[in-house]
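Peer 1: Got a structure here, written out as structure tokens. Questions coming.
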Amino acid sequence: MTAILERREASSLWARFCEWVTSTENRLYVGWFGVIMIPTLLTAVSVFIIAFVAAPPVDIDGIREPVSGSLLYGNNIISGAIIPTSNAIGLHFYPIWEAASVDEWLYNGGPYQLIVCHFFLGICCYMGREWELSFRLGMRPWIAVAYSAPVAAATAVFIIYPIGQGSFSDGMPLGISGTFNFMIVFQAEHNILMHPFHMLGVAGVFGGSLFSAMHGSLVTSSLIRETTENESTNAGYKFGQEEETYNIVAAHGYFGRLIFQYASFNNSRSLHFFLAAWPVVGIWFTALGISTMAFNLNGFNFNQSIVDSQGRVLNSWADIINRANLGMEVMHERNAHNFPLDLASVEAPSING
């Protein structure tokens, strides 16, 4: 009997490319989102490094007073930054080919817009890639949902806030001191510390840190004993072993006695959902707060609302914050305007001594 073997027709180059992109056997999963993520993030990182080292000063306020941000122009790691695109450009799309020369593009802060736009695309695609890999492995999609919190925060400070304020020059500078400057000016102009959504974000971040530390220390301490009481419990384990070492019943009992019974989770899924949801929801709220303050819906300002029976103002901590805000607003962008908006109003605010 003769067997005839037919050679399978070689698949096309495109089919092989599609198979490689979507394969979960690769050391690093690429995915269709990765096809966009990889070049955009590489572009953002490359331009950031070059600009941080060598970019010339940028006319951020659009008043012909360039601000230096790179290492070669006198900065160090702490003071250096990618200076935001000039106020003279506003919200206009400003790629290299829109400028008369590369020198003009650099002077007007073109690299900032290039980095921010590519970075934004890259992190959105990273989130999509998380979902895509979860989908291909038959997992649920909550990893990408959790990652949406930092994506929302970055979108708020780099995209939404400049749109609301009318210029990319109001975006957050890409550097340490620049970030602090952004925070101080944001407080001066929007009173973010008195915004409930920022308060929820603080509770989310600090609460998440606390719960993470509590959970990690409790799991590390709740070992299933493999030794006699005369030996160290640690002697029964090897670092990185595959066998389960954690007893949730013991951990639940410990924590229930330390605080009270219902403060402790006895269900692992409920516990880990809580650990994920607490900081994620807090950061969502902060991003939402930044996005509303972008359009000048600001934090609470009680405007010296506590008065005695004679109508005299009784200063509260809120009034002290207001006074600090005025000082910070006076000091920023000193040459861009004669008076900050708050101080240029018809009636000067009373500070009562």
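Each Cβ is built from the backbone N, Cα and C atoms, and glycine gets one as well.
In case it's useful when we look at the structure, here is the feature table from Swiss-Prot:
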- THR2: N-acetylthreonine (MOD_RES)
- 29-46: transmembrane segment (TRANSMEM)
- HIS118: chlorophyll a ChlzD1 binding site (BINDING)
- 118-133: transmembrane segment (TRANSMEM)
- TYR126: pheophytin a binding site (BINDING)
- 142-156: transmembrane segment (TRANSMEM)
- TYR161: site 'Tyrosine radical intermediate' (SITE)
- ASP170, GLU189, HIS332, GLU333, ASP342, ALA344: [CaMn4O5] cluster binding site (BINDING)
- HIS190: site 'Stabilizes free radical intermediate' (SITE)
- 197-218: transmembrane segment (TRANSMEM)
- HIS198: chlorophyll a PD1 binding site (BINDING)
- HIS215, HIS272: Fe cation binding site (BINDING)
- HIS215, SER264, PHE265: quinone binding site (BINDING)
- 274-288: transmembrane segment (TRANSMEM)
Peer 1: Sort out the residues at least 6 away from either end of the transmembrane segment (142-156), same chain, that have Cβ-Cβ distances under 8 Å to it, and list them.
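Peer 2: Distant contacts of the transmembrane segment (142-156): 119-120, 123-124, 126-128, 130-131, 134, 276, 279-281, 283-284, 286-288, 290-291, 294.
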Peer 1: If you skip the near sequence neighbours and keep only those at least six away, which residues in the chain come within under 8 angstroms of GLU333 ([CaMn4O5] cluster binding site), Cβ to Cβ?
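Peer 2: For GLU333 ([CaMn4O5] cluster binding site), the qualifying residues are ASP61.
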Peer 1: Quick test of the contact rule: Cβ under 8 Å, at least six residues beyond the ends. What residues does that give for the transmembrane segment (274-288)?
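Peer 2: Hits for the transmembrane segment (274-288): 142, 145-146, 148-150, 152-153, 155-156, 197-198, 200-205, 207-208, 211-212, 215, 265.
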Peer 1: Which residues, given as numbers and ranges, are at least 6 beyond the ends of the transmembrane segment (29-46) yet have a Cβ under 8 Å from it?
Peer 2: 20-23, 114-115, 118-119, 121-123, 125-126, 128-129, 131-133, 136
Peer 1: List the other residues in this chain whose Cβ sits within 8 Å of the Cβ centroid of the quinone site residues HIS215, SER264, PHE265, in sequence order.
Peer 2: MET214, LEU218, ALA251, HIS252, PHE255, ASN266, LEU271, PHE274
Peer 1: Here's one to test understanding: among the binding-site residues HIS118, HIS215, SER264, HIS272, whose C-alpha is closest in space to the C-alpha of GLU189 ([CaMn4O5] cluster binding site)?
Peer 2: HIS118
Peer 1: Find, for the listed binding-site residues HIS118, HIS215, HIS272, the residue with the lowest Cβ contact count at a 10 Å cut-off, counting only other Cβ atoms.
Peer 2: HIS272
Peer 1: Using C-alpha atoms only, work out the spacing between PHE265 (quinone binding site) and HIS272 (Fe cation binding site) and round it to an integer in Å.
Peer 2: 9
Peer 1: Between HIS332 ([CaMn4O5] cluster binding site) and SER264 (quinone binding site), what C-alpha distance do you get in Å?
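Peer 2: Given the Cα positions, HIS332 ([CaMn4O5] cluster binding site) is 48 Å from SER264 (quinone binding site).
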Peer 1: Express the distance between the Cα positions of TYR126 (pheophytin a binding site) and HIS118 (chlorophyll a ChlzD1 binding site) as a whole number of Å.
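Peer 2: That separation, Cα to Cα, works out to 12 Å.
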Peer 1: Just to confirm: which same-chain residues, 6+ apart in sequence, have a Cβ under 8 Å from the Cβ of HIS190 (site 'Stabilizes free radical intermediate')?
Peer 2: MET293, ASN296, ASN298, GLY299
